[in-house]
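Positions annotated as substrate binding site by TrEMBL: B:Gly40, B:Gly41, B:Arg62, B:Asn157. For B:3-242, the entry in TrEMBL reads domain 'Aspartate/glutamate/uridylate kinase'. Among the features that TrEMBL reports, site 'Transition state stabilizer' is placed at B:Lys8, B:Lys223.
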2 protein chains.
Amino acid sequence: MEKILVAKIGGNVIEDEKVLASFLQDFSKVKGPKILVHGGGKMATKLADKLGVKTEMIDGRRITSSENLDIVLMTYAGVLNKKIVAALQKNNCNALGLTGADGNVIQAQKRPPQFVDYGYVGDIVKVDGVIIKNWLEQNIVPVFCAVTHDTSGQLLNTNADTIASEIAAAMSPFYEVSLFYCFELQGVLEDIEDKSSIIEYIDQLKYKELQDQNVISAGMLPKLKNCFDALKKNVNEVHIANADFVKDNSIKHTTLCL
Amino acid sequence: MEKILVAKIGGNVIEDEKVLASFLQDFSKVKGPKILVHGGGKMATKLADKLGVKTEMIDGRRITSSENLDIVLMTYAGVLNKKIVAALQKNNCNALGLTGADGNVIQAQKRPPQFVDYGYVGDIVKVDGVIIKNWLEQNIVPVFCAVTHDTSGQLLNTNADTIASEIAAAMSPFYEVSLFYCFELQGVLEDIEDKSSIIEYIDQLKYKELQDQNVISAGMLPKLKNCFDALKKNVNEVHIANADFVKDNSIKHTTLCL
């Protein structure tokens with residue numbers, strides 16, 4: 001089977017214009033079919049502040065009111081997604097910017113309120129791998145932002161790590177899939193204070209250990225869960241690495257395995 | 001040849017949520033391949049006001065500064081385009097929201113400053129009709145907002161009427177093309193004060209007459225130019241009509257002819 005790269009960028013890779021431009025250049029040079037998924041970084045919070053819209057957070061997760069959803073659309077689907085697409089085009093990479101509503105690619109459902117009502121937040125129900133494959137075969141490079149829809153007209157804010165994991169899984173019947181989570185660090189750290197303490201391999205046993213020891217950051221745990229979900233759904237390789245990993249696969253990083 | 005509809009909506013059809021929802025429902029029901037192009041209405045100006053960004057206008061045309069371009073991306077490519085796509089999906093119409101940068105569909109060049117520097121405004125150089133045709137053959141309904149790119153990484157604000165005209169022309173080698181400009185009035189008015197004074201046919205002679213008599217509104221003249229440009233590039237039919245024209249072709253409207 002042909003290889004495909006699904007890369008997810010977030011954090012500083014999105015925030016810092018130079019880092020982003022450099023990553024997009026490297027990503028453009030990757031041969032063969034590829035897909036990019038991007039988070040939003042702090043742009044949404046900054047715009048919300050400017051507009052006087054309150055951003056409520058519970059356990060590090062944004063509560064998405066109707067006003068917040070508009071801000072997510074403005075920043076993720078509007079400014080960020082389109083600037084990434086234009087930059088990729090500059091690098092001769094035929095990018096196509098997408099939310100899950102476009103082409104009905106990612107169907108989700110509004111998360112049912114239990115202890116917390118997260119607002120317009122979507123949990124993915126289905127990814128249409130066939131339409132993505134059709135685009136890839138036209139040499140198109142899909143670029144997804146963190147927005148899906150419920151097929152009844154409602155757009156939904158959706159975790160970009162989960163989108164990357166589900167898209168990678170949806171590609172697995174057609175390709176040998178590598179999923180890269182790229183960010184500013186070199187990988188998952190044993191000691192958050194020591195940037196060189198990269199854990200090179202994490203399997204499910206190690207994952208449980210890390211959870212029990214409470215050593216890794218709160219934001220990293222759901223990311224690891226997304227990694228294992230992808231591996232369980234036949235994604236071939238999953239790595240958490242610095243953005244430079246896209247151009248140099250030999251740099252130290254974290255590899256996930258079941 | 002198969003028929004295709006290229007519809008452009010603007011003004012009140014975009015501004016008024018109910019009118020927009022009703023139009024999108026009617027548009028979804030149109031059989032066969034179709035393309036939608038939308039303007040932005042006043043949303044960009046409203047957001048600019050909220051953010052304290054000045055919107056300079058010369059002769060009814062927006063001067064697009066870098067900050068204004070971000071606002072255009074937020075409103076046109078972000079909120080409006082994605083809400084239209086989600087609403088069409090609700091109506092079982094497989095919409096794909098696009099700027100000209102996506103799939104490199106519309107290449108433009110930054111308008112060279114002469115008497116006026118319009119800022120990040122694009123004049124269309126080329127529309128890739130083949131990629132649009134490929135999508136249409138997958139039953140995808142492309143939905144364009146008023147943004148293009150220069151292929152060197154710069155996004156550009158571009159007149160939606162012109163985008164509709166150029167896309168219609170780019171479809172003419174493959175389809176029998178009907179181009180509808182839909183807005184709140186019934187057509188081009190002989191007397192701006194009298195909404196029933198619809199001019200049913202405008203040919204180039206009549207167009208010149210109208211220009212000389214100075215009877216039609218300033219905003220209508222470039223729209224008419226776009227209509228004639230499309231006809232000259234082998235678009236089969238061009239109409240200026242109320243949004244209801246999409247469901248009822250028998251209502252009074254303006255038809256353009258060479």
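Including glycine, each Cβ sits where the backbone N, Cα and C put it.
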Ranked by how many other Cβ atoms lie within 10 Å of their Cβ, the recorded positions B:Lys8, B:Arg62, B:Lys223 are led by B:Lys8
I'm trying to understand the geometry here, so how far is the Cα atom of B:Asn157 (substrate binding site) from the Cα atom of B:Lys8 (site 'Transition state stabilizer'), in Å to the nearest whole number?
16
Give me the mean pLDDT over the domain 'Aspartate/glutamate/uridylate kinase' (B:3-242), rounded to a whole number.
94
On a simple 10 Å Cβ count over all chains shown, which one of the binding-site residues B:Gly40, B:Gly41 is most densely packed?
B:Gly40
Where B:Lys8 (site 'Transition state stabilizer') and B:Gly41 (substrate binding site) are concerned, what is their Cα separation in Å, rounded?
13
Just how many other Cβ atoms lie inside 10 Å of the Cβ on B:Asn157 (substrate binding site)?
27
Cα of B:Gly40 (substrate binding site) to Cα of B:Lys223 (site 'Transition state stabilizer'), in Å and rounded, measures 15
B:Lys223 (site 'Transition state stabilizer') versus B:Gly41 (substrate binding site) - Cα distance in angstrom
15
Output field, substrate shell: CB within 8 Å of site CB centroid, site B:Gly40, B:Gly41, B:Arg62, B:Asn157 dropped
B:Gly39, B:Ala44, B:Thr45, B:Val72, B:Thr75, B:Tyr76, B:Ala146, B:Ala160
Pairwise CA distance, B:Arg62 (substrate binding site) versus B:Lys223 (site 'Transition state stabilizer'), rounded so that it is a whole Å
16
Mind computing the max CA-CA distance among B:Gly40, B:Gly41, B:Arg62, B:Asn157, which the record assigns to substrate binding, rounded to whole Å?
13
